Structure formats: structure tokens, C-alpha cells
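Quick look at what TrEMBL annotates:
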- 1-54: region 'Disordered' (REGION)
- 18-43: compositional bias 'Basic and acidic residues' (COMPBIAS)
- 75-94: transmembrane segment (TRANSMEM)
- 100-123: transmembrane segment (TRANSMEM)
- 130-147: transmembrane segment (TRANSMEM)
- 174-192: transmembrane segment (TRANSMEM)
- 199-221: transmembrane segment (TRANSMEM)
- 227-253: transmembrane segment (TRANSMEM)
- 265-285: transmembrane segment (TRANSMEM)
- 345-367: transmembrane segment (TRANSMEM)
Amino acid sequence: MTELRHRIATENQLQHQSSEDKGSEAEDRVKRDGGVSDSECRPDSGVPEVPVATDDTPEVLNKALSGLSSRWKNWWVRGILTLAMISFFFFIIYLGPMVLMMIVLCVQIKCFHEIITIGYSVYHSYHLPWFRTLSWYFLLCVNYFFYGETVTDYFFTLVQREEPLRILSKYHRFISFTLYLTGFCMFVLSLVKKHYRLQFYMFGWTHVTLLIVVTQSHLIIHNLFEGMIWFIVPISCVICNDIMAYMFGFFFGRTPLIKLSPKKTWEGFIGGFFSTVVFGILVRISETHLSISYRYFVCPVEFNNDSNSFTVDCEPSELFQLQDYTLPSVLQSITGWSTVKLFPFQIHSIALSAFASIMGPFGGFFASGFKRAFKIKDFANTIPGHGGIMDRFDCQYLMATFVNVYIASFIRGPNPTKVIQQLLALRPDQQLHIYNSLKAHLTERGLG
């Protein structure tokens with residue numbers, strides 16, 4: 001019995017010593033990591049402290065739909081709010097490109113706020129110093145840089161005419177870098193020993209959010225300045241795909257599409273694809289005729305010196321002029337037509353529709369993976385039945401990047417107006433040198 005008691009005491013002592021050694025190792029690890037324990041530095045451990053979204057459906061709709069099941073109630077709420085958002089979309093188009101630019105900026109700020117709020121909600125118990133202040137400061141810096149570049153690029157005449165704008169334009173990138181460097185130094189000075197790792201997590205969080213939201217919203221504005229039609233068509237393609245994929249999935253969905261988003265089905269994905277392509281072929285015909293009838297939709301936004309205002313007026317390019325296309329022999333035998341008359345833009349719109357229906361949803365899948373990582377249903381509860389603003393624009397941002405790349409690769413060519421504007425800003429001796437060089441070049445080609 002005495003021997004048994006001695007063995008038990010020895011085992012307990014060894015276990016206690018082992019636990020002390022492990023605790024000492026953990027403390028050493030925390031010290032080496034800058035004072036952050038493993039539980040602190042793993043954002044996936046446990047359930048993140050993100051506020052649970054509440055039902056913010058208007059009381060009128062709740063009463064009107066009280067007799068329906070939750071599935072059909074959600075369907076009607078989404079449908080009614082979708083019609084309201086589409087109506088608002090047409091209204092802001094009517095207001096013009098400059099108002100649209102401000103709307104895009106407001107949407108960008110709201111999306112940034114929703115994502116940053118999630119990060120703050122997850123880590124707020126650690127009281128990270130200056131986190132929100134620095135996040136919004138970096139947003140201001142990045143917007144200053146991008147909008148300054150846009151104004152200089154598209155409104156060169158206005159910038160050169162106004163002395164303050166000319167000085168800001170000349171030193172724009174240096175000012176932008178100085179502003180960012182100030183924020184960078186503020187971040188370094190805000191580092192606290194016990195929160196090093198978390199602070200760098202949030203520094204990366206802010207910059208990735210800026211990359212996803214601000215950069216791509218800036219591309220939307222670039223597309224808008226190329227002509228309203230490059231804003232209207234891509235957005236309407238994504239809207240069509242979202243609506244039709246939801247409808248097909250709601251009524252016919254049986255086969256899960258991707259684990260990241262359990263409610264997405266193959267039936268919805270395929271139905272959305274064909275519906276969007278048909279929308280791109282048939283509806284685009286009437287829309288293109290209407291848009292091309294009004295230069296307001298197809299002309300780029302420019303600053304007019306004579307009227308001292310922004311104008312949308314030009315001679316439509318070949319992209320918006322009817323042309324004859326020879327059909328392949330297979331289609332000739334089926335239709336009996338040898339040629340068809342189309343606007344070249346209609347062919348491009350099919351490519352936009354295909355991208356919106358095939359690749360566009362991956363923006364939504366990415367957002368779904370992000371939300372699942374932090375165990376939240378929506379980015380916010382701004383729009384009943386739809387979630388936050390970011391929930392509605394997750395596919396739009398990816399589409400905007402594609403459209404900008406598409407325009408740069410297949411549409412945009414040298415712009416004589418911009419070349420002349422830049423030439424007029426040069427010194428007289430520089431202008432004379434370019435004139436003589438151009439004259440000699442044209443003479444060699446027999447055009448002088």
C-alpha cells in the first residue's frame with residue numbers, strides 16, 4: 001500500500017512538472033511573438049464577436065406577409081426591394097454621370113465601412129489603438145490619389161486653366177505619397193507590444209479592403225467616363241444574372257453548386273447563364289438602338305471650355321454605327337441570310353453578358369467564403385432581404401475590373417483630343433520641335 005501511494009505521488013509530481021513546462025513554453029512563445037498568445041493571434045479560434053444581424057424588414061411588409069412561410073416571405077421581400085433598387089438605378093442614370101460618380105463614391109464608402117466594421121467587431125475587445133482612425137485615414141489617402149489621377153487624366157484642360165489645380169496636379173503623386181507616409185508612420189507609432197501581431201493583421205485587413213473596394217470602384221468611374229453605356233450594360237448584366245439565378249434556383253434548384261454558398265445550385269447557375277446571354281442578345285438590340293439614338297449614353301464625359309461645364313456630346317464612334325457582317329456558312333444555310341446589320345457594340349455586349357454569368361458569380365462565392373470565415377450571414381442589414389451594400393456589389397466589383405481591362409484591350413485607341421491638350425500645355429519651343437518632327441515624318445510618307 002505504501003509503495004502504491006508513493007507511485008501515485010510520483011506520477012502526480014511528474015504531471016504537475018510537465019504542465020509547468022508546457023506553461024513555461026507557452027509563456028516563452030508569447031514573449032517571442034510580441035506578447036500575443038495563440039488564442040489572441042488566431043482569428044478563427046472560437047466564434048468571432050460579430051453582431052448578429054437582426055430582422056429589419058419594414059413593419060408594413062411584415063404585416064402584409066405574416067401569413068406566409070419564411071421561405072416565401074423572404075422571396076417577396078427580396079422581390080419588392082429588388083424592384084425598388086432597379087427603379088433607383090434608372091433614376092440615378094437620369095441624373096447624369098457626375099451624380100453617378102458621387103453615388104459610386106458613397107457606395108464605396110459604405111462597403112468599406114461594412115468590411116472594416118467586421119474587423120473591428122472581431123477584435124474590439126483588444127482595444128487596438130488608432131485602428132478605426134487609421135483605416136479611414138488610409139481610405140481618404142487612396143481616394144485622393146485615385147480621384148486626382150482621374151481629374152488630371154480626363155479633365156486636363158480644366159486643370160491647366162486653374163492655377164491651384166495645375167499646382168496640385170503637378171505635385172499630385174508626391175502629395176499622395178506624403179499623405180500615405182504620414183499614415184504609415186502613425187501606424188508604426190501606435191504599435192503596442194502585447195498586440196503586435198493583431199495590429200499587423202488589421203493593417204493588412206485595411207489594405208486588402210482598400211484593394212478590393214476602392215481600386216475597383218475607381219475602375220467603375222473610369223468605365224463611366226468612357227461613356228454611360230459602359231456603365232449601364234455591365235451593371236444590368238450582373239443584375240439580370242443575379243435575378244434569374246435566384247429565380248431558377250428558388251423554383252428548380254436541387255443540386256448544390258459550391259460548399260461556400262449552400263443555397264447556390266447548378267440549376268440557378270445554368271439558368272442565370274442562359275438568361276443573361278439571351279438578355280445580352282435580344283434586349284441589347286432595343287437598348288443599343290435607344291442608347292445610340294442619344295449621344296448622352298455613348299459619348300465620353302469631357303470638359304467644354306466654351307460652356308465652362310462638363311458635356312456628353314460627340315460624333316459616335318464606329319462602335320456605335322451599323323455595319324454589315326457576313327454570317328458563317330452554317331448560319332447562312334439555316335437562316336437564308338448572307339449578311340446581317342449590327343452595331344459592333346452588340347457583339348461586345350455578348351462578351352460582357354457571358355462574363356457576368358460565368359465569372360461574375362465567383363465574386364459572390366468569394367464574399368460567401370469571407371462571411372463563412374467569420375460566421376456571419378450578411379455584411380450588414382442595410383437592405384431587408386438582401387443584407388448590406390457589399391452583399392449587392394460583390395459581383396459588380398469583379399465585373400468593373402473586367403470591363404476596364406476589356407476596354408483597354410479591345411476598345412480604346414489613341415485619343416487625338418488628349419494628345420492636343422497635352423501639346424498645348426508644352427512650352428512654345430517644345431511645341432515647335434514636335435511640329436517640325438511631325439512635318440518631317442509626314443513628308444517622308446508623302447503626306448506633307
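Glycine too: its Cβ is placed from the backbone N, Cα and C atoms.
Beyond the ends of the transmembrane segment (75-94), by six or more residues, the same chain brings 57, 61, 65, 68, 100, 103, 228, 232, 235, 239, 243, 246, 250, 383-386, 392 to within a C-beta distance below 8 angstroms of the stretch. Residues 41, 43, 101, 104-105, 107-108, 111-112, 115-116, 119, 123, 128, 131, 134-135, 138-139, 142-143, 146-147, 150, 187, 190-192, 231, 390, 396-398, 400-401, 403-404 of the same chain, all 6+ positions outside the transmembrane segment (199-221), place their C-beta atoms under 8 angstroms from a C-beta of that stretch.
The list of residues near the transmembrane segment (174-192) in space but at least 6 beyond its ends in sequence, with Cβ under 8 angstroms from a Cβ of it, reads 128-130, 134, 137-138, 140-141, 144-145, 148, 168, 199, 203.
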